[in-house]
Structure formats: C-alpha cells, structure tokens
Amino acid sequence: MSEPKGFISQLNVFNRENYQFSKSKSKSSPAIETSDEILSDVEQGQQFMTELDQGEKRLGVLSCIGLICNRMLGTGVFAVSSTIYTLCGSVGLALIMWAVGAIIAISGLYVYMEFGTAIPKNGGEKNYLEAIFKKPRFFITSMYAAYVFFLGWAAGNSINTAVMFLTAANAEVTEWNQRGIGVAIVFFAFAINTISVKAGLYLQNILGIFKVGIVIFISITGWVALGGGLKDGYQSHNFHDAFAGTETATAYGVVTALYNVIWSFVGYSNVNYALGEVKDPVRTLKIAGPTSMIFLAIIYIFVNIAYFAVVPKEKLISSKLVLAADFFDIVFGGHAKRAAAAFVGLSALGNVLSVIFSQGRIIQQLGREGVLPFSNFFASSKPFSSPGVGLLQHFIVCMVTILGTPSDDAYNFVLNLISYPMNIINFVISAGLLWIYWERRQGRIEWNPPIKAGIFITSFFMISNVYLIVAPYIPPSDGESVYKTIPYWLHCVVAWGIFAFGGLYYVVWAQILPRIFHYKLDTKDILGEDGFWRVQIVKVYDKGHGNEEEESKGDDTNIGDDSPSVENIELEYIESNKDILHRSNKSEQS
C-alpha cells in the first residue's frame, strides 16, 4: 500500500512516493519524459537517496538533550512546589502529583515521538494537527496560529525572575517594581536575541549550567537533611504521617496542582520544533527524549523531598515563589537566602531567554508560510539576521500580559493560561493518533513510524488531558482559588476565546477575502533561506483576475515567488544524475 499523502514527511528524503513526479513532458526540460525510467533504476536496487534539504544537520543526541532540559528546567520546580503542597494539603499527595505529572509528560513524549518520526520536519504540533485535520483546509492552522500569537509564554518566568532579583537585593516586592523589572527582563531577552543570536545562545548555555547545578545541590542537601546531617540534626519531620491533611484536597485543588506540575514539564516536545535539523532523528529521539524525561522526573521529586525534609509546613504554605530561597535560608542562614534567590533568578532568566528565542522563530515561520497578515513583515530577518519582528511580537504580548494582570495573580494566571490550551491541543493530537490507528486497522492508510506510543499510552494521555480540560470548571472551595482577585475560570475562557479568534480569522482570511478578490489559497513547497524546505501558502487567482506580473510567473501559483520549487529541484536532480544512474544500472545488469 502506498504511503498516505499528508502523513509522510516531504522534507528530507528524495523519494518517489513523497514527491509526485509528473509523467507529462515538461516545457523546460524534454528529458523529464525519461524520469520514470530513471526512478525505476533506483527502485530496482540502487537505493540512491539524497537530501533535498541543504541546511546543516547540527543537532545530535547531546544537543537535543540540552534542548529538552534547558526548556523544561526553568523555574517550575523552584516556584510551584509551595502552591502544589497548599492545594494538595499533604506531603504525600503532593509527591504523588509530581509522579502523576511525570507519567503524563512521559506518555505525551511518546505520542510526540511517534508523530516526530512519521513527520521528521520542523514545526512540531502544527504539522501533526495539519496531518490529522485536512478539512476544512487552513482551519486548524489558523487556530494554532492564534494560540501561538496571543500567548505570552515568557511572561510568567519574567515575573518570577523579577521577584527573585528583588529578594536577592533584600528589597520590598511591590506591584509596580515587580512589573517594571519583569518588563525590563523580557526586553533584555528580546534585545540580546535580536542583536546577536550567538550571544543569546551563549548566555542561555551558561545559565543552563546554573539550573542543573542548583537542582542537584538541593537534592543532595535534602538527603543530607534526612540523614540527620544538618546542624544539630535539624529536620522538619514532615514525612511523619505524610498523608495527614489529604482529606482537605478537592477536585479543583488536585487539577490545579497538576497544572503546576505539568508547567514544570513543558518542553518535552522541544526537539520536535527542529527535527529537520536533527542528525538521525529516529535514533536521537529514542535516546534524548526518555533520557531527559527520566532524569528530570527523578530530580524534580528529589528536589521536593529536599523541600519537605527542611521547610516546616507553615513556611511551605507562605513561601510561594521564594520557596527555594527559604530552603537555603533554613539550611545555611546568613545571606544564603539572598544568594539562592539570585541563582534561581538567573535560572529563570535562562528560561526567559530560551522561550522567547523559540517563540520568535515560530512567529517568523508562520509569517514565512503566509499564515499571518503582513506575512513578509513577520518573516523578515533584517537587520540583524535574526527573527527580530517575531521576537518583538512576543515581547509586546508578554508586556501586555505582565502589565494587564494583577501582580498577585500574574504568575499563576500565565501558568494556567499556557497550560490549559496546551492540554486542549494535546487532547486533539492524542485523539487524532487513535483515529490514525483505527484507519490503519481498517486498511485505509499505512502508518508505520519507527517509534510507536501504542494504544494504551496514547489513550492514557488523551484521558489525562480530558480531565485537565474539564476539571478547572469545578468551583473551588472558599479560600482555595489559586487567584486572589480574578475569577478562577478566567484562564479557561481566555483560552477558548483565543481559539475562537483563530476560527474567526480563518473565516475572513480563507473564505471571505478569497471570494471578494477572486482567488483561492493553495500551498507549495519552497526552499527557504535557511536551506530547509517549508510549505508556503500562496494565492491562486481566478483566470482573468490576477495582475499581469503574477500571471506570467507560471500556472501553478501566480504569486511571483522566485524561491526554487520542488518541481524545479526534481528536474535539476534528474538531469544531473541521469547518466550516473543509467551507468550504474548497466553495470549492475552486466
């Protein structure tokens, strides 16, 4: 059975099934009529393959482990443990939440690895959603674009960085100094990633060392505390009757605690955004994904054990974002709290740099594909050969989020606003994978990627996300809401509103405007400046309605794009390799 169009990468491999060669005679190359003979030579045993992508494959196993860990290891484990304990009511249930969150994240990792090895190209879940939902065309793309465009991913950790730096300076944390420093931090991340990509990456790597060093040091200190190795044998004794208080936990508290845990695991799919640049993506994903997840899951639980071994329950409730600083204050005293706050702040800054680095490129890619309005503006790399416009867009969204949300609720609101729509997307992707399994079982498609999540893991991931989507609507008990001044359901409403805006944008962009101006939207594959193939959305005008310049560019797109097309590359490839292939075939026959 031939491979289904849409479920197979059309990015990396010169393959007849992936690139449908026309059997008709080309106007520009009479030799194209021999292409079937040439491809037959390949199929008869030459196994001659060449990468159409011209960009350098720079990401190996260690780089991909770094991509996952640097994105996941932000401030979650430093900032949310206090909230998780408060919502769960007991040490035992809080640790169970961390374990459950890790299991959900690992199941999600395998779902994304299956899609990644089936569609090994840059773009992540955007590609998978488009593969699942082909009709109506561009609808799911529009909704995903709204999700990416309007969410300030870096805002939460910018606020946390501000709180940590103020704590390190022994300054009072107020509403406006927290907001002002938070905006300044996002601006710094935007500026350095715009002006010098190398400097931004170098700083990210340096700060990544702090992250790993801090969590390992906290973990070791916790085991020392449990063994009675602290001064005067100090311990908190929180593990005596560890489940006391569990009866106070509610459905709202548990799901909100899970949101906080999952926030700490965001990033397990980070490699999927750059799979087109990964060396041997199947082998790399098999090693880098599970290795990163298992390491961080264990470290996260060890860090929480350390917190519970040292920090009294009353302090666990009141610490909030500065729990790690309070931990160091209890263990070492003196200026340790301020020093720890500085280190955690630097860790948070590293995450802000990493997040805005990625989000700026996603915005640029959406512009390059033609999804966004004023696409050429968002696709630009001028003047510093960086996605400056995409970075600027994310900075503006983060600034609005920081200044427009009450400071007491800003961090938790951003955390939940990012997690909730992500759970919706994860549900859709996992349900779509189950549908692919069903289609394969019925013999309608062929789906056999090298890495498989399987029905059980995929179903578990889907059901977990159903719970995370539905449970936040359960009203919290008095005083239990994670927000102080805004409604507990606000992040859910805003998330659905963003998706609704994407649907409205689709109606205007893909339905109304094409009918008014007599064109339709189509796609073509082009070779980008970075050396990698991408899909670009183009306008195909009705006959007699396009301008003369567009009509003269060709019958396929009428867009006037000078980028090389798949068809042109195919012709060049065939022409340049025809003699070699025929000589090889004759030699084999002899």
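Using the three backbone atoms N, Cα and C, a Cβ is placed for every residue, glycine included.
Here TrEMBL flags 59-85, 91-112, 144-169, 181-201, 208-230, 250-275, 287-310, 339-363, 384-405, 417-438, 450-474, 486-508 as transmembrane segment.
Residues of the same chain lying 6 or more positions beyond the ends of the transmembrane segment (250-275) and with a Cβ under 8 Å from any Cβ of it are 59, 64, 67-68, 70-72, 74, 76-77, 80, 83-84, 87-89, 93-94, 97-98, 100-102, 104-106, 108-109, 112, 115-116, 120-125, 281, 284-285, 288-289, 292-293, 296-297, 300, 358, 361-362, 415-416, 418-420, 422-423, 467-468, 471-472, 474-477, 480-482, 488. Same-chain residues lying 6+ beyond the ends of the transmembrane segment (417-438) with a Cβ under 8 Å from its Cβ atoms: 7, 108, 111-112, 114-115, 125, 128-129, 131-133, 144, 147, 151, 153, 156, 259, 262-263, 266, 445, 447, 453, 455, 458-459, 461-462, 465-466, 468-469, 472, 491-492, 494-495, 498-499. Within its own chain, the transmembrane segment (59-85) has Cβ neighbours under 8 Å at 91, 94, 97-98, 157, 160-161, 204-205, 208, 211-212, 214-215, 256-257, 260-261, 263-268, 270-271, 274, 277-279, 283-285, 287-289, 291-293, 295-296, 299-300, 303-304, 307-308, 313, 316-321, 323-324, 344, 347-348, 350-351, 354-355, 358, 411-412, 415, 482, counting only residues six or more beyond its boundaries.
In terms of C-beta pairs under 8 Å, the stretch of 144-169, 208-230, 287-310, 450-474, 486-508 lying closest in packing to the transmembrane segment (181-201) is 144-169. Below 8 A, the CB atoms of the transmembrane segment (450-474) and the transmembrane segment (384-405) form no more than two pairs separated by six or more positions in the chain, fewer than 3 in all. Sequence-distant neighbours of the transmembrane segment (91-112) (same chain, 6+ residues past either end, Cβ-Cβ under 8 Å): 81, 84-85, 124-125, 128, 238-239, 242-243, 246, 249, 254, 257-258, 261-262, 264-265, 268-269, 272, 289-290, 293-294, 297, 300-301, 304-305, 308, 426, 429-430, 433, 451-454, 457-458, 460-461, 464. In this chain, the transmembrane segment (144-169) touches the transmembrane segment (384-405); three or more CB pairs sit within less than 8 A of each other, excluding pairs fewer than 6 residues apart. For the transmembrane segment (339-363), the list of distant contacts is 70-71, 73-75, 78-79, 148-149, 153-154, 157-158, 160-161, 164-165, 167-168, 185-186, 189-190, 192-193, 200-201, 203-204, 207-208, 210-211, 214, 270, 273, 322, 324-325, 327-329, 372, 378, 386-391, 393-395, 398: same-chain residues at least six beyond its ends, Cβ to Cβ under 8 Å.
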